[in-house]
């Protein structure tokens with residue numbers, strides 16, 4: 001750590017949060033989890049272990065739909081775990097999918113697989129007694145869930161661009177390298193869940209009981225990383241703590257990355273010390289310094305991030321405390337090189353290309369729309385069986401996108417008809433509106449303990465109502481990026497939507513508008529604590545104006561800004577909560 005400890009380290013004068021004690025006492029994340037696994041009196045974990053399992057990629061949850069009923073019967077809530085796999089760039093092999101599907105059907109309460117907007121899959125409803133078998137299964141097929149939650153670098157995103165196959169492969173390889181480089185070295189995960197068996201992807205990193213990058217108390221808070229390939233911003237690159245924007249040379253080869261830091265979308269209702277934020281640029285690094293830059297940012301956050309107040313512990317708050325120049329200087333000191341000036345780039349869109357596209361390598365790629373990422377079997381749509389049948393015959397790979405969809409990638413010309421026939425048979429190819437195609441939600445109720453309102457379960461009908469509004473005003477073929485999140489923690493990325501709903505209470509939401517299509521602008525609160533029907537009515541009025549008053553090809557989010565319906569968020573740490581404080585030239 002630098003000797004200059006004043007700027008950015010004022011939090012050290014306050015008591016540390018209890019999470020810091022927990023990590024210190026955890027014996028490198030082992031805790032007493034093994035003892036809890038033997039305790040059949042409860043379906044959950046006790047004491048510190050409730051938090052420690054998050055470092056191993058799990059959260060304890062319960063079915064909130066039946067919580068009151070079980071309370072009346074004097075039973076504890078129906079506890080189970082969420083498991084989030086580590087899957088850099090979202091690439092998974094068909095043979096892996098077949099095993100994942102089997103476990104979901106046989107051992108999870110909801111018999112479903114949830115694709116997330118962080119390019120991985122989650123199990124919901126895993127009973128405690130099935131946790132070790134689940135981790136051993138993942139290990140046996142070359143997967144794990146290390147560091148997909150808690151105070152570590154989480155699953156690394158990478159643009160799912162099937163057309164630019166060579167560039168995507170180069171960027172994807174760096175996403176994997178970044179993920180591996182920033183993993184914890186502790187053997188705790190292996191000792192608890194795999195009984196010390198060799199892990200194919202991470203074993204070399206976990207042999208030494210030391211944490212030279214993360215430190216023995218790991219990071220102050222969650223840490224998210226993404227790799228984006230312009231012009232597609234499907235990973236919402238401005239929404240993460242650490243971001244790498246791929247830059248090509250004159251021959252179209254990857255030559256390095258622009259590095260951005262300090263993005264993040266979580267905040268707390270009414271707490272003006274919290275705010276969502278788009279990332280800032282540190283500059284450009286050539287390929288050979290990519291891992292050094294990643295390590296430098298992590299070490300700077302490790303040493304300067306707030307360990308007293310977890311609500312102000314993400315990278316954006318560290319930058320606010322240190323200033324951007326101060327943060328950059330510390331990162332440069334850690335990696336022992338200077339950033340070069342930011343290279344030019346442009347993002348134009350962030351949605352997936354639903355349907356077939358052909359890559360420059362002449363392979364075909366089929367992007368399947370999966371509403372809210374939920375893969376399950378319903379009588380009218382047996383999607384889960386459909387993906388399983390695809391996995392049985394597909395010779396390429398699957399790619400989970402940051403928009404919660406699934407790409408059947410690298411399909412040869414002669415296999416295309418068979419893949420399409422299976423997808424159509426099981427309802428995986430369907431006609432949907434542009435609005436629905438670009439909509440997203442978090443899981444929320446009934447499993448998320450933080451949920452204040454519904455999200456995934458209300459999204460389909462809500463989008464249907466908005467489709468009617470767009471048809472009414474003759475703009476049914478247009479797209480408005482719409483997202484619902486059940487609380488302000490930001491999992492649904494609603495704060496980068498043109499229309500964003502943030503749960504406030506059961507049946508009530510805050511309506512935010514004014515984000516842009518490329519994901520460069522935070523949306524602003526427009527109406528507070530209103531019902532879904534009231535939101536539809538508000539959007540009806542706004543779309544009526546947009547349909548008649550917009551400029552050529554003007555997006556909805558840009559229109560509401562230009563028309564002074566809502567003020568833009570220019571510098572979120574200053575004006576997110578109060579638009580009268582907008583100072584366009586403000587520099588941190």
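From the backbone N, Cα and C atoms, a Cβ is placed for every residue, glycine too.
In the three-state DSSP reading, residue 442 ([4Fe-4S] cluster binding site) counts as coil. Under the heading [4Fe-4S] cluster binding site, Swiss-Prot lists 442, 448, 487, 491, citing sequence analysis as support.
Taking Cβ-Cβ distances under 8 Å and a sequence gap of 6 or more within the same chain, the neighbours of residue 491 ([4Fe-4S] cluster binding site) are 117, 442, 443, 485. What Swiss-Prot records for 491 is siroheme binding site.
Least crowded of the binding-site residues (442, 487), judged by neighbouring Cβ atoms within 10 Å of its own Cβ: 487. Of all Cβ atoms in the protein chains displayed, 22 besides its own lie within 10 Å of the Cβ of residue 448 ([4Fe-4S] cluster binding site). In three-state terms derived from DSSP, residue 487 ([4Fe-4S] cluster binding site) belongs to neither a helical nor a strand segment and is classed as coil.
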